[in-house]
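Q: Starting off with a structure, shown below.
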Amino acid sequence: MATHGLLPCTVTASTAIAAGPYYGSHRQLPCGRRLRLPALRRRASVMDGLRLSGDAEPLLRPAAAGHPRLRVRTHAQGEDGGGRGAAAEGEAAFSWAPVILPFLFPALGGLLFGYDIGATSGATISVQSADLSGTTWFNLSSVQLGLVASGSLYGALGGSILAYRVADFLGRRIELVTAAVLYILGALVTGFAPNFVVLIIGRILYGIGIGLAMHGAPLYIAETSPSQIRGTLISLKELFIVLGILVGYLIGSLEIDNVGGWRYMFGFGAPLAAIMAIGMWTLPPSPRWLLLRAVQGKGSMEDNKKKAIQALRTLRGRSASEKVLADDVEDTIVSIKAAYSGQEAEGNIWEVFEGASLKAFTIGGGLVLFQQITGQPSVLYYAASILQTAGFSAASDAARVSILIGLFKFLMTGVAVLKVDDVGRRPLLIGGVGGIAMSLFLLAAYYKILNNFPFVAVGALLLYVGSYQVSFGPISWLMVSEIFPLRTRGRGISLAVLTNFGSNALVTFAFSPLQELLGPDNMFFMFGVIALLSLVFVILNVPETKGLSLEEIESKILKK
């Protein structure tokens, strides 16, 4: 097909080849005028460099892959008739077939994270049961049980720190292969653990894999997916985490009545991780990472250009001329140089605590902190235990009800992914956090005065899960990805990840001792009070970013 797009009368010159924010003025084009697509890309390359450094817009424009026909959707012009209406959106056709595997294998890293949450819910019951543990060391203290539940999260915290230091050196693909190997080792060591110490070592190994996977997966997906569906695919990764939780609940339900069932619950992650490892090994490296290394002087520019072109050809799944691929590579190099211009080689982590970056970290860091300290890890990791105390006396009954909760969680996550760009971030956060507070007070009331009504506990859990999945679950990380200025985005997100896993591990570890010290009624009441404080935080501090470009967020919100 020819490398021209025929543009109708209403299309403006700022119509983007790739989805994303729009820049500059909108110059009207004559009817039927033909523009060369590579030329359009070259004109946009400098402005592309102003975008999030994780994006690879020029490389990922599917318009260049096989030169599909442009499909243009226009917006009505402003009421003033001045010709400066809303920017038109350019949409390029693309093939789904080559998109699936570069999304699926990294997303398995998120699924294995979720699986650990779901499996741990049942395993903590099995491992401390005199009848079901199959060990002589089943009589675990509340502190030891907390370590079993939160050991992987302490490992994830270490993995996040490790990723900050070595991720750019390893590259996204090798980072994810390494994560899969650690998943395998952690699952096998835990499954065959002869004593408590080895069990915790396996949990920590698995957790390091979580830390690397949760850093590398969104980067690889963002840098290899078509721009039109990049946001959708990154949001779908949350669904894979929830799917993993559901699979963990299911395996727990099947093994909960078997002696030593906890070994199978933890060990089942190994074959899933093997699929991830093999799949990631067969995928090409991120083209943008190859060019980033070349720009940083840590690789041969010519060799990495050739490797990037080959990776692009594999990822697009269809042939494209050498000229088009070479143009895209050159455009991306310009974008990377523009994005990194003026920055220190190693960066200064303290910049995150200055000016607009401090405001962004207050918003993003506050959201991921409240996401955890409102009791979310406790409700998920101990769902089966909570249901047992609510009247489902058999471990298998509690595990099966956990499956229903997992299905509900999956459904509500899908609702959030579909509606976040229509309803907006703030309304979903305010409504969801309000529901979280109500559910926690209901749980406290159940343990205090309503203990003859087990359906209250189940209903409160469903309310908590539904509210969380339309608010803190997907939107906290969406806000984190949007809110940081370009200069400190990488360091800011790293600190947000550390805040998330650190507070997650702390709350999970503290749940059993707090339950012992305060009792479940006072503990859930405490979480409810924290949820009310988080609601006040959201109302007073979290802005609405729906429909704003990254540059508009920085100029209109952070620098006000």
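Quick reminder: no glycine exception, Cβ is built from N, Cα and C everywhere.
Nobody curates TrEMBL annotations by hand; they come from automatic prediction.
Not my notes, these are from TrEMBL:
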DOMAIN    102-546  domain 'Major facilitator superfamily (MFS) profile'
TRANSMEM  145-164  transmembrane segment
TRANSMEM  176-198  transmembrane segment
TRANSMEM  204-222  transmembrane segment
TRANSMEM  234-252  transmembrane segment
TRANSMEM  264-283  transmembrane segment
TRANSMEM  401-420  transmembrane segment
TRANSMEM  427-447  transmembrane segment
TRANSMEM  453-480  transmembrane segment
TRANSMEM  492-511  transmembrane segment
TRANSMEM  523-542  transmembrane segment
Q: Give the one range among 145-164, 234-252, 264-283, 427-447, 523-542 whose Cβ atoms make the most pairs under 8 Å with those of the transmembrane segment (492-511).
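A: Of the candidates 145-164, 234-252, 264-283, 427-447, 523-542, 145-164 scores highest.
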Q: Per the definition of 3+ C-beta pairs under 8 A with sequence separation of 6 or more, do the transmembrane segment (523-542) and the transmembrane segment (176-198) touch?
A: no
Q: If I count Cβ-Cβ pairs under 8 A between the transmembrane segment (176-198) and each of 145-164, 234-252, 264-283, 401-420, which range comes out on top?
A: 264-283
Q: How about the transmembrane segment (453-480) with the transmembrane segment (145-164) - do they touch, taking at least 3 C-beta pairs under 8 Å (6 or more apart in sequence) as contact?
A: no
Q: Same-chain Cβ contacts of the transmembrane segment (145-164) under 8 Å, 6 or more residues past its ends?
A: 113, 116, 120, 123-124, 127-128, 175, 179, 182, 186, 199-200, 203-212, 214-216, 377, 381-382, 494, 497-498, 501-502, 504-506, 508-513
Q: What average pLDDT does the predicted model assign to the domain 'Major facilitator superfamily (MFS) profile' (102-546)?
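A: Its mean pLDDT is 82.
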